[in-house]
Amino acid sequence: MRLGVNIDHIATLREARKTTEPDPIKGALIAIEAGADQITLHLREDRRHIQDEDLFRLKCELKDTNIPINLEMAPTYEMQNIALEALPNNVTLVPEKRQEITTEGGLDVVSMIDYLKDFIKPIKQQGITVSLFIDPDYEQIDASVEVGADAIEIHTGEYANAYGKNVEKELERIKKAAKYAKEKGLKVYAGHGLTYQNVSEIAKIKEIEELNIGHSIIANAVFLGLYEAVKKMKEIILNARKE
């Protein structure tokens with residue numbers, strides 16, 4: 001199972017003072033040293049953390065490595081143009097609202113089938129893998145296949161926020177969705193709200209081949225250092241996978 005480390009919140013810390021540190025690109029290199037298989041970053045329309053320059057610097061820094069860049073972005077034509085210029089390995093389309101603190105749910109692919117078909121085509125033509133960040137829902141999975149996505153990233157936020165019996169219920173939804181998506185020929189990834197405490201159960205789901213995790217790793221990096229925080233998360237994931 002691959003671990004994509006999201007560097008957004010290194011940039012959040014930098015933007016809190018509008019300064020040059022901490023540098024998210026330096027963070028990406030440390031994460032890779034510690035075992036990250038991919039670097040994920042979300043270029044939001046409001047540029048609240050990651051800036052355009054970060055994406056292009058990261059691309060330059062990783063050009064001679066085999067570490068892929070996963071660009072999370074809203075399905076807007078401004079973002080499409082940036083993706084077609086930067087040419088990351090992967091693009092993950094996510095919903096976006098300016099007032100939200102973080103992404104609040106999955107992309108409603110069902111309601112934008114025609115739009116997404118046209119939107120995705122030129123991105124895929126450049127050899128970029130396209131993933132859709134969706135809720136664990138059969139209808140959304142079917143729509144993802146219809147629009148031509150290569151992969152889905154299952155939104156694990158409901159699972160992460162669940163308590164008591166609801167934890168098992170949400171986990172079951174994710175398991176069923178992962179199995180269904182795999183049967184439909186999609187690659188299956190997952191992410192959002194995953195922590196050192198709750199990641200194991202998701203990592204055990206054999207259909208899921210990649211997890212993208214950011215906030216929990218960066219939060220723990222404050223106390224452990226980034227290298228150790230990434231290493232610890234990777235160990236938990238790999239150990240869960242062995243079970």
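The backbone N, Cα and C atoms fix where each Cβ goes, and this holds for glycine too.
Keep in mind it's a predicted model, so treat the numbers as computed, not measured.
According to Swiss-Prot, the active site, proton acceptor annotation covers H42 (among others).
E72 (active site, proton acceptor) falls within a strand segment according to DSSP. Per Swiss-Prot, the feature active site, proton acceptor maps to E72 (among others).
Residues or ranges marked as active site, proton donor in Swiss-Prot (evidence: sequence analysis): H192. A coil conformation is recorded for H192 (active site, proton donor) in the three-state DSSP classification, outside any helix or strand.
When other Cβ atoms within 10 Å of the Cβ of R17 (3-amino-2-oxopropyl phosphate binding site) are tallied across all protein chains shown, the result is 8. According to its DSSP assignment, R17 (3-amino-2-oxopropyl phosphate binding site) is helical. According to Swiss-Prot, the 3-amino-2-oxopropyl phosphate binding site annotation covers N6, R17, G193, G214, H215.
In the structure as shown, the Cβ atom of H49 (1-deoxy-D-xylulose 5-phosphate binding site) sits within 10 Å of 21 other Cβ atoms. Residues or ranges marked as 1-deoxy-D-xylulose 5-phosphate binding site by Swiss-Prot on the basis of sequence analysis: D8, H9, R44, H49, T102.
Look at Swiss-Prot and you will find E153 tagged as site 'Transition state stabilizer'. The Cβ neighbour count for E153 (site 'Transition state stabilizer'), using a 10 Å radius over every protein chain in view, is 30. DSSP gives E153 (site 'Transition state stabilizer') a strand state.
Calculated from their C-alpha atoms, the gap between H42 (active site, proton acceptor) and E72 (active site, proton acceptor) amounts to 4 Å. Take the CB of H192 (active site, proton donor) and look out to 10 A: across all protein chains shown you find 26 other CB atoms. In this structure, N6 (3-amino-2-oxopropyl phosphate binding site) is part of a beta strand by DSSP.
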